[in-house]
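Here's what TrEMBL has on this protein:
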type: DOMAIN; residues: 41-374; note: domain 'Ammonium transporter AmtB-like'
type: TRANSMEM; residues: 42-62; note: transmembrane segment
type: TRANSMEM; residues: 74-97; note: transmembrane segment
type: TRANSMEM; residues: 153-175; note: transmembrane segment
type: TRANSMEM; residues: 182-203; note: transmembrane segment
type: TRANSMEM; residues: 223-240; note: transmembrane segment
type: TRANSMEM; residues: 252-271; note: transmembrane segment
type: TRANSMEM; residues: 283-302; note: transmembrane segment
type: TRANSMEM; residues: 314-334; note: transmembrane segment
type: TRANSMEM; residues: 340-358; note: transmembrane segment
Amino acid sequence: MKKFYITIFTLVVLIGFPAIAKAIPTIPPVPVPTVNAGDTAWMLVATALVMLMTIPGLALFYGGLVRRKNILNVLMQCFMIMAVISIEWVVCGYSLAFGSSTGILAPYIGGFHWFFLNGIHISDLSPYFISHSQPSGKIVNGVPVMVGTIPHIVFILFQMMFAVITPALMIGAFAERIKFKGFLIFSLLWALFIYNPVAHWVWSADGWLAKLGALDFAGGTVVHINAGIAALVMAVMLGKRHDYKGHAFPPHNIPFVAIGAALLWFGWFGFNAGSGLAADGLAASAFLVTQIASAAAALTWAVMDWIIGKKPTLVGVATGAVAGLVAITPAAGFVGLPGALIIGVVVSLVCFVMVAYVKPKMGYDDTLDAFGVH
């Protein structure tokens, strides 16, 4: 009889267990964030494209515009900027630009916790993202912490190339009249005390301009306005070249200018389309508007050359293309085709006036029109 009751009890448990188990609410597993191979591959390519903008793109563009005796100096400056700022970026630049700090300094400069990339591992995903994100598995104040789909190191590398090209752009304002050692010291100090804080203001979540709602998709403020204003200040502080009479010297190698501008145009697709931090429709849209704005600006400059100088020039078309690329940079992720066309035409007209009329009128010696274009 005892065995009979035990058997009945066992049958009841076995029959009822699935129902009991079904009634107990299940806790969904915490998703493990993973690297998106497509996004990562695209961002590595974009990083290489932006590097191509500085060397050899900008080096050849500026090298062809200066007089023959100064080309090696300009090339050397571009190469050394790549070396010096790359080291500065991993030592402290990235931490100051994108790290977080506390107290009164938080909106203005990052902290020290990422110096020498301390605490950043190859398995970490980027804390910065635009359109592609995923839960990190961490919860802070009841809110899931989101991360991007590319490794943190890839984001650091991509931003490194922005930090490199920004001081390199300023070379155009004071080419042919600055000592090499002074240039290196200035570039390093400028990156530390100007570029890094401005990048933090605009692109860090803690930055005061970011909190005001500033939109800068790929560096219109951080890179181009920043470099352009600094270039003008340096040009004025250094004074004019001793043989400068108010008119630009003819470029010594126009094919170099054309090749450099073409490489800049090509690399700019990584600069703008890569700033979406993913291989998606936003990247494709940024790619498209970058092309159209640059094309519209180049065509507009050619027409202005035709009207004013009776014939278009290759240097003018190249300069117009670069002006269009500069102007679309902050807006590449926010405007469509009509906006890109308008931006390209308007900026070309404005930059043409700055280069052809404002600079001679004001009397400053902006050697290669870094301020006028950027």
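Including glycine, each Cβ sits where the backbone N, Cα and C put it.
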Legend entry - Mean of the pLDDT scores, which run from 0 to 100, over the domain 'Ammonium transporter AmtB-like' (41-374): 93
Legend entry - Long-range environment of the transmembrane segment (153-175) - Cβ separation under 8 angstroms, sequence gap at least 6: 40, 43-44, 46-47, 50-51, 53-54, 58, 62, 65-66, 70, 73-74, 77-78, 81-82, 85-86, 88-90, 93-94, 97-98, 117, 120, 122, 124, 126, 128, 183, 187, 190-191, 195-196, 199, 219, 222-224, 226-228, 230-232, 234-235, 238, 271, 274, 277, 366-371, 374
Legend entry - Stretch among 182-203, 223-240, 252-271, 314-334 sharing the most Cβ pairs under 8 Å with the transmembrane segment (283-302): 314-334
Inset, instruction - With a Cβ cut-off under 8 Å, give me the same-chain residues at least six positions beyond the ends of the transmembrane segment (252-271) that come close to it. - result: 45-53, 56-68, 71, 162, 218-219, 287, 290-291, 294, 314-315, 318-319, 321-322, 325, 329
Legend entry - Surrounding residues of the transmembrane segment (340-358) on its own chain - C-beta under 8 Å, 6+ positions past either end: 288-290, 292-298, 300-301, 304, 308, 319-320, 323-324, 326-328, 331, 369, 371-373
